[in-house]
Amino acid sequence: MFSVPARQAAMAPRLGIFLIWAGACIFLQLDHVDGDLQTTGADHSATVNPDQQLIMTKHSATVTPENKCVFPFNYRGYRYYDCTRTDSFYRWCSLTGTYSGSWKYCAATDYAKCAFPFVYRGQTYDRCTTDGSLFRISWCSVTPNYDHHGAWKYC
């Protein structure tokens, strides 16, 4: 006869509850950034052309090729210097300096660019550096002064 140790038997219900909780978190995001996109009605419509970005707001979706991410942008009391996953599974950015409902999912061309030259620990850099990197991976600041903003990305 097969028997399960008491410790493993006690873990099974906890594991099941964790998996249910994890599944609910993935499928039932609360307070999602894309607001309430509706694609029916006279005031709420959206079409997607492969050459354009779908721009979503709290009340409508508008397709415009010229809308670009604004960095830095403020959202819920924080300043973001690059695309973020805050309140979303996918990276997004604001189309205004202070988030006002206009945003889009980030494409490869939307991410913050390196700001050269930049200042790190009082020294000026005009290319990516490994200084300060624990694993010697090249990085750069996305603002002219890393010492002041602390915003960076890998090169």
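Positions of Cβ are set from backbone N, Cα and C atoms, glycine also.
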From C93, C128, C140, partner that TrEMBL gives for the disulfide involving C114:
C140
Which residue among the disulfide-bonded residues C114, C128, C140, C155 has the fewest other Cβ atoms within 10 Å of its Cβ, if you could check?
C155
Sort the residues of the domain 'Fibronectin type-II' (64-108) into helix, strand and coil with DSSP and give the three counts.
0 helix, 14 strand, 31 coil
Within the domain 'Fibronectin type-II' (64-108), what mean pLDDT does the predicted structure show?
91
